[in-house]
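Pulled from TrEMBL:
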BINDING   GLY86, GLN87, THR88, GLY89, ALA90, GLY91, LYS92, THR93  ATP binding site
DOMAIN    3-333  domain 'Kinesin motor'
REGION    334-360  region 'Disordered'
Amino acid sequence: MSHITVCARFRPLSSKERRDHGDSVSVQSLDSETFIFKDEKEEDFTFSFDRVFYQGSEQVDVYEFLALPIVRDAVNAINGTIITYGQTGAGKTYSMEGPSILECDQQKKGLLPRVVDGLFQCIKSSDEATKYTIKLSMVEIYMEKVRDLFDLLKDNIQIKESKVHGILLSGVTEVSILDSTEALHSLSRGIANRAVGETQMNMASSRSHCVYIFTVQQEFPKDKRIRTGKLILVDLAGSEKVEKTGAEGKLLDEAKTINKSLSALGNVINALTCSPQGRANHIPYRDSKLTRILQDALGGNSRTALLCCCSPSPSNASESLSTLRFGARAKHIKASPRVSHNDDKYTKKHGTQSPSKDGSCERILNKLTEKLDIEDVNLLEELFILEGIFSYPNSVEDLELTLEDVALRTISSLQEALEELTLIL
């Protein structure tokens, strides 16, 4: 068992910071992992992370240390998550995207375009007999609603949980991508739909948390095995002090919602690290949409990396210190990522692919309609899809056997089963 990877990155001083404080900075480098940070009261704090990227660091340095190992794992069916965290204007989106997702300057490219290139490079160098497919989804969490950035009509995506597949976004758009160019243009289209606003801290401040989901599926033709890994990148909206950002009206409401969700994330981090074993009796994942989506990433079955983005300026010392303390707590979260086999009972029997409804199962739903209200049938249908029962035509036999079970012959017993299944969802 290992801890999640936590790195700190200090951006260069802005022109405003130089005007206000000259070249003065709050951070003193000791080595590549340890530094001293001076708060607004001139008090020193020592921090140690897995790696510290100081002002002169390059984008490629961050990618190769923080992201590349996770990319390699994702291609081999081990889930991975990369999160950027920090105050507004600290360099999170620059670290994630670069100046633009379509940036041509190789030196300036951010984590996201490098991850895309890395995925296809890893696939290219893998066993030619293995078939890969990559699908991309993109959502933002805006004012506590999950919005599909590939389909703006889907502005309230529901978060579901499956025993087999973990946290899922019900009905979210999945775009198949065949190469890096296609992926980057899809990402550019989604990013253009993201909510941004101007504050005193940032001319184009992200007003939402943005989540990029790459689903990488491996198919081994020889033995018909299928493995699926998910790589999730999260560009968090910045934590804000209202008096600094000058937020009013809509911006103020957005800031309050952002801060509330980041506070919920902090509460989850605290709960996960409050006991010596790294586990608490209750982890409040359901307190926000953000923590719900990050449940798998923080709960152990993911190789997770956190990039704490900070300003080195004394004028932002308080906010930077808060970010660094968050990272120091997160470093104590334990992780046990494992290969994600499609090994539920249907997969073991039939070698199924990822869940999708098969037309031959309509007659099963028709049978259920005779016994239950249509709302209950729809719920069962959704559950069957989540749990992979509709993944393969032969699974119809399993469902028919279930219907013949004496315990499920009456409406009352079916409704009792539905109540139990609802708890799973």
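Here the Cβ of each residue, glycine as well, is placed from N, Cα and C on the backbone.
Recorded features from TrEMBL, shown on the structure.
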residue	record	CB count, 10 Å
GLY86	ATP binding site	28
GLN87	ATP binding site	24
THR88	ATP binding site	25
GLY89	ATP binding site	26
ALA90	ATP binding site	27
GLY91	ATP binding site	19
LYS92	ATP binding site	27
THR93	ATP binding site	26
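DSSP assigns LYS92 (ATP binding site) to a helical segment in the three-state reduction.
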